[in-house]
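Okay, so here's the structure we're looking at.
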C-alpha cells in the first residue's frame with residue numbers, strides 16, 4: 001500500500017489536531033458535573049456514555065495524519081484503563097496539555113530530546129510525591145472512593161463497599177445487567193482464577209474485550225486437546241441443546257482450537273476454551289473443585305475416561321461465565337451448595353494434616369476460592385441506554401476501588417495534582433535549559449484536570465485554581481465550596497492518579513520528539529454499480545447453508 005509522509009512542524013501540527021479532536025470530546029466528561037457524550041451505533045439505539053475510554057475508542061478522523069494523533073491518545077486511555085481500570089479522562093486531559101505546551105516550546109526552538117528528559121524527571125518526582133501523600137484505605141473510605149468514581153452515586157458506593165465487606169477486598173465481584181429496574185447486590189457461589197481465553201476470537205463483547213456466556217455448559221478435562229475428532233460428539237450434543245460451551249482443559253491447541261474458533265465465528269456454536277488453572281496435580285485438584293462447584297464430571301486420564309464418550313450429564317452448569325484476556329469468573333447456580341460445603345470441609349482436613357507451608361498456602365487458596373463466593377451487582381435502569389451507561393460507571397467505580405486497596409488514596413478533585421505541580425518548583429530550579437522547561441511543561445499540565453473540572457461545573461478554572469492555592473484547600477465541584485477534600489470523602493485512588501500521570505507523560509514526550517509521520521494513503525472510493533438495476537445482482541441464491549448438523553471440513557459433524 002502506498003504511504004503518505006509528513007515532516008517537521010507540519011507533521012507535529014497534524015498530530016496535535018488529532019490529539020485535540022479526541023481530547024476535546026473526552027474532557028467534557030470529567031468531574032462530578034461532567035457532561036455525557038452520545039455515540040452512534042451501526043445497529044440499535046445510540047449509547048450515551050460518560051466514560052473516557054469508551055469515547056476515545058469510537059473516534060476515527062478522515063485525515064490520516066490527524067487520525068494517528070487520535071490513535072496515540074487512544075493509547076493513553078486504553079493503557080490507563082488496562083492497568084488501573086479508571087482515570088482515562090484525567091490521563092487524556094493531562095496528555096493534551098503536555099502535547100500543546102511541548103509542541104509550542106519545540107516550535108520556539110527547544111530541544112525535544114531535552115524536553116523529554118525533563119518531563120521524565122518530573123514523572124519520577126511525582127511518583128515519589130504520590131507515595132508520600134497516599135493513605136491506606138480503611139473504614140468508610142471504600143464507599144467514598146466508589147461514590148466519587150461513579151460520578152457521585154451514593155447507592156453505587158454503598159453497594160460496592162457492601163460487596164467488598166462480604167467477599168473481602170480480594171474477593172470476586174462481577175457486574176451484570178438486571179432484568180428489573182432496581183440495582184441489587186447478590187452473593188452467590190462462584191470462583192475466579194487467573195487464566196484467560198485461548199484465542200481473542202472467542203470474545204463476545206468487542207468493546208470490553210471479554211467473552212460472556214449466560215447459562216453455559218462446562219466441559220472439564222485434564223487432557224490436552226489437539227485434534228477435533230474426540231470433541232465432535234459432545235459439540236454436536238451441545239449445539240442441539242442451544243447452550244454456550246466453555247472448555248476447561250490442560251490446553252486446546254492446533255486443529256482443535258482453529259476449528260472451535262471457526263465455528264464460533266460462523267455462529268454455529270457459542271464456545272470458548274480456557275486453560276485450567278495451576279499445574280500438575282494441583283491443576284487436577286483445581287478442576288475437581290470446579291467440577292464440584294458446577295455439578296460436572298472431570299474427564300480425567302487417571303480414570304481412563306475419554307472425551308468421545310462424554311454426555312450432556314457429564315457437563316457442568318453455571319449461571320454466568322466471564323472470560324477476559326487474563327482472568328475467568330464462574331458464577332455458579334446454588335444447586336450444589338451442599339457439595340461445595342462438603343468439598344471445603346475435605347480440603348480443611350487436608351490443611352490440618354499437611355506439614356508443608358507451601359501446601360498449606362495452596363490449600364488455603366483453594367478454600368478461599370470455593371468458600372468466598374461471588375458478589376454480583378445486578379444493574380437495573382428504565383432504558384437500555386441508561387443501563388449501559390450505569391453499568392460502565394459501576395465497573396469504573398469497582399476498578400478504582402480495587403486500585404485504592406492496592407496503593408491507597410489521595411485527595412481527589414484534582415487537588416493532589418495541584419499540590420504535586422507546586423512541589424515541582426524545587427526540581428525545576430535545580431535544572432537548566434530545556435530540561436527545566438520540560439519540568440515546567442508537566443507542572444502547567446498538572447493544573448489542567450482541575451481547570452476542566454471547574455469549567456464543567458460552570459466556574460472559571462483560573463479563579464478556582466487561584467482560590468485553591470490561597471486557601472490551601474481543594475475545590476468541591478459538586479457544592480462549589482473550598483474544603484478539605486479528604487475529610488469530605490472526595491478521594492482518588494493513588495494508583496489511578498499515578499498511572500494517569502505516567503501514561504500521559506510517556507505518550508506526550510514521545511509525540512513531541514516526532515519528526516516524521518508516515519500514514520497509509522487512503523484508497524479511492526469504489527466505483528458505483530453501473531445501470532439502475534439491483535446493485536446486489538439478485539444475490540444469486542444462497543446455495544444452501546452446507547451445515548447439516550455441524551458438517552463440513554471433511555470431518556463428520558464438524559464445520
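Including glycine, each Cβ sits where the backbone N, Cα and C put it.
For the ATP site, Swiss-Prot gives 29, 30, 31, 32, 86, 87, 88, 89, 90, 413, 476, 477, 478; the one candidate out of 47, 462, 492 that the record lists there too is 492.
Region 'Disordered' is the annotation Swiss-Prot gives to one range among 500-520, 521-541, and that range is 521-541.
Across the binding-site residues listed here (31, 90), the residue whose Cβ sits among the most other Cβ atoms within 10 Å is 90. Of all the Cβ atoms in the protein chains shown, 23 others lie within 10 Å of the Cβ of residue 29 (ATP binding site). Residues 29, 30, 31, 32, 86, 87, 88, 89, 90, 413, 476, 477, 478, 492, recorded as contacting ATP, have a largest CA-CA distance of 21 Å.
Secondary structure at residue 476 (ATP binding site), as computed by DSSP, is strand. Cβ neighbour counts within 10 Å, taken over all protein chains shown, single out 88 as the most crowded of the binding-site residues 88, 476. Sequence-distant contacts of residue 478 (ATP binding site), defined as residues of its own chain at least six apart whose C-beta falls under 8 angstroms from its C-beta, comprise 32, 33, 152, 457.
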